[in-house]
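Notes to accompany the following structure.
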Amino acid sequence: MGLRRFIKEYFQGFWDYETPKVMVVKNRTLGVIYRTVQFLVITYFVWYVFISQKAYQESETRPASSVYTLMKGTAAHGDVILDMVEYARPPEGGDVISTILRREFTYDQKQSTCAEYFKVAKANCTKDLDCVEGEVDFDGHGRRTGRCVQYYNYTFKTCEIQSWCPIEEYAVVREPPLVEAINFTVFIRNSIHFPRFKVLRGNIKDVSNKRGMHKYLNKCHYHEEKEPYCPNFRLGYIASKARENFTELCKTGGVIGVFINWKCNLDLDPSHCKPTYAFRRLDLRKDQSTSGYYYRFAKYYDKNGEKSRTLIKAYGIRLDIIVHGHAGKFSPIPTIISTVTALTSVGICTIICDWIMLTFIDKNEVYSERKFDEVIKEPPQSNSTNPVSTELSFINSFGSVHSDLSDGVPL
């Protein structure tokens, strides 16, 4: 019976209609809380949503972008003059470019047999039986011949291998770092296109004629305030902005990200759409043995009819050009959505204050009796001597639909 009655009452109550009732509560504490919450909600939407985030705009965050880079500079390294062909990789430019700061050479390597490096696992030996013929250690330099030989000019022995000999660790010749590279410049040309708004912008200053453009690009260097449209960046400037020591970079190399950020408000003239730059070291430096940036390449030649090579291990700075773009323009649809959201969110103030009033202030249930009324439909009375009542009558009702509660109500 109890379950059936509960279901019946729930079903009947489901079709009830609830409407808010206006009730003025003259309580200073509650009024301060209400206006404070209301002020915070309105401030959030006005300042953050509309002004800061520009929620009234239609936005585009995935523009099309192209990057072209070119390294410039000349340095004297002993009696050798180095230009961009010697130190810039790759020569055709792109969103990744590197420059060599220090080199290590292993000259006159030939395909022959020699002793394996002694730090390779199981390379040290005392007799031929310690070396397995045909075994290849992928951390080593070649295939083992099965012989145990003297390690070059030292007294101990290692397993013999078939490889490019002599091995790098034994015969390497290290050059001093190219400190002049601090004044090298990298030319970065970036074009960005927002197809939704049909806006195309570039990071180079517009000059009326080609001759003036060429002259400007040859003498300018980027500066945040003085030359924001100059695409030439000194390597020393990039390293300092990334908070790196250029001398240390010459020793170990490193990867630096050049971030080009386009944040364009297209409600203004497109000429106000300017890029900003940020620089940050990208490679991990926790492990000194694997940090930095270097790569190997070789130069091959014939010597006395035999194929030979010079192995070069190059340390340098690699620049990764990363482009981010965001453009926004006024649109009625996001404006309407944001405005409706703001007006709806103001209702949170009433919900919070009602909860505070009924939970913490209304200890004698004076407010709750005034706030919640129940209205039912009554049948007309049969006694004609009595006045006819209205079709809707209040049960447990106190006052009119608009109630005014002052501070004098006892709690």
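Even glycines carry a Cβ here, placed using N, Cα and C.
Looking up Cys114 in TrEMBL gives a disulphide bond to a cysteine among Cys159, Cys165, Cys220, Cys230, identified as Cys165. Disulfide annotation in TrEMBL: Cys125 is bonded to Cys148, selected among Cys148, Cys220. Among the candidates Cys230, Cys250, the disulfide partner that TrEMBL records for Cys220 is Cys230. On its own chain, Cys148 (disulfide bond) has Cys125, Thr126, Lys127, Asp128, Asp130, Cys131, Lys157, Thr158, Cys159, Glu160 as residues at least 6 apart in sequence with a Cβ closer than 8 Å to its own Cβ.
Note: the CA-CA distance between Cys165 (disulfide bond) and Asn183 (N-linked glycosylation site) rounds to 37 Å.
Spatially, by CA atoms, the recorded positions Asn183, Thr185, Cys230, Cys273, Lys313 include one closest to Cys114 (disulfide bond), and that is Lys313. There are 16 other Cβ atoms within 10 Å of the Cβ belonging to Cys220 (disulfide bond). Note: the CA-CA distance between Cys230 (disulfide bond) and Lys313 (ATP binding site) rounds to 33 Å. It is 11 Å from the Cα atom of Cys220 (disulfide bond) to that of Thr185 (ATP binding site).
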